[in-house]
Amino acid sequence: MQARNVFRFMAAGLISSALATGCATVEEDFIEDVGSTSAPLLGMDSPDIIPGQYIVSFKSDIGAQNVNAAMNRVSLKSKSSRIQHTYAGAFNGFAAKLSDADLQDILKNDSVAFVEADQMMYATATKPSSGQLELDRHHACPAVDDGVFDDHGCDGSGVRVYIVDTGIRGSHNEFTGRMATGFDAINDGNGTNDCQGHGTHVASTAAGNQFGMANRATLVPVRVLSCSGSGSNSGVIAGVNFVASDCQGRRCVANMSLGGGASSALDNAVTSAVNAGIAFAVAAGNDNSNASGFSPARAAAAITVGAASDSGYPASTNSNSVTRASFSNFGSVVDIWASGLSILGANINSNSSTQTISGTSMASPHVAGAIAQMLGCLGNMTPAQVEAQLNAKSITGAMSNEQGAEDRFLCSDFNSANDAGDCDCGGGSEPPPADSCEGRCGTFDSGASCQCDDQCADFGDCCPDKAAECDAPQPGPDTCFQACGVFNSSRQCQCDSACSNFGDCCPDLGQFCN
């Protein structure tokens, strides 16, 4: 059974001819796809290249459901070569350590679009000596220097904020009770716990209790950088794929306060995740250079954030009172500016410790938190709608020395209309009524008028839409619900087009797939 699964996808196309001739078996017909032309090899000039390590992108016609089949057409002959990550989702392909001979074979594989040298990625922050809370700079349009942050009733409730970084100290007082299970690409035994401090600070700016823009949002740690604040590009892509998968069916935003050299693979991964409906706020970088030379800052689909200094508050839309921080990258790929100098936030030394950091790493989570506020207040929105709303509410004419970047300073007043009539929560999605099970399945809520838990039938107090919301089929190892056309070797039965040939179709195949 297991051997047959290895060749399943090729077998589906060869079964009719094999049965007709009665001679060739599926296994005998399996050969590696080797083309006559080579795929391009990118990124070999990166100063931060990881020798012998590569990211392989499959061609666009190989979707996530076909990655296993494409992987079956990859043969690594050298003992030193090994697969490190398999990508199926926002980015389809794999990462591997490859010998020179195996690299040449991969470049000739007909399924491969390009191969890119893996490189190091880094947190984008510096540490000054003193700090201040900068939230109040972004809550009013125009901004008001009153030392008080007003979320205007938009606190990020019901929204997930993915922090793609060094992890998060989940026990910190800034995050109590609002941490979800995340992802770890480092595999050093720390899980998603932050042993560096950068990710915890970033998370507190986006959604901390005291320091955060959206202090009721749920935080999801996506640990792709190690205790030293660095990691591989291949690990970052694995993190982006996790975000794209975990966010399905949820309101969410991702923050990437990291960067490295130009990477088509990472840009493509972020773009695909955005196309799937997830807004990404990314740091422009701290090199005082054009951000178009760095990834993911240069990814057109992402919202690239530059760091503004604290030299003044924009009192009107025609006073240039905020300037680009001296370290911040710039250029046409920078979409918006936010506070990034001497930002006070959470630290990992204890559950109450703080630290002050500067960088575009600190500016980006201000925007991610603002997006969480927006989604919590206005309801479901596409990334394009999110960016349009950010642009509509941002303060223009306030920036100086932006050097080709957009002249927009972040404003997060999403619950009141300005003179242009935008950002009115009244036009957004309303929260579910008190008698709905939406978002409540399996839980008891003493403040609700009816219940959605497993005992509500016994007590006769089920909400009227419990059957539709809570009792519908769910994905599982013995059902085709949300699995049609897909083969998964870990399932007990299958829902793909070849299952009838192999006699292992799930019992509800006809209900969901045919």
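Cβ coordinates are placed from backbone N, Cα and C, and glycine is handled just like the others.
So that you can see what the record holds, here are the features copied from TrEMBL:
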type: SIGNAL; residues: 1-20; note: signal peptide
type: ACT_SITE; residues: Asp165; note: active site, charge relay system
type: ACT_SITE; residues: His198; note: active site, charge relay system
type: ACT_SITE; residues: Ser361; note: active site, charge relay system
type: DOMAIN; residues: 433-476; note: domain 'SMB'
type: DOMAIN; residues: 480-514; note: domain 'SMB'
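This prediction places the mean pLDDT of the domain 'SMB' (480-514) at 75. With respect to their backbone Cα atoms, Ser361 (active site, charge relay system) and His198 (active site, charge relay system) stand 9 Å from each other.
Contacts of Asp165 (active site, charge relay system) defined by a Cβ separation under 8 A and a same-chain sequence distance of 6+ are given as Ala123, Asp194, His198, Gly199, Val202, Ala203, Pro221, Val222, Arg223, Val224, Leu225, Asn255, Met256, Ser257, Leu258, in order along the sequence. In the structure shown, across all protein chains, Ser361 is the one of the active-site residues His198, Ser361 with the greatest number of other Cβ atoms within 10 Å. The domain 'SMB' (480-514): residue composition by secondary structure is 8 helix, 2 strand, 25 coil, according to DSSP. DSSP classifies His198 (active site, charge relay system) as helix under the three-state reduction.
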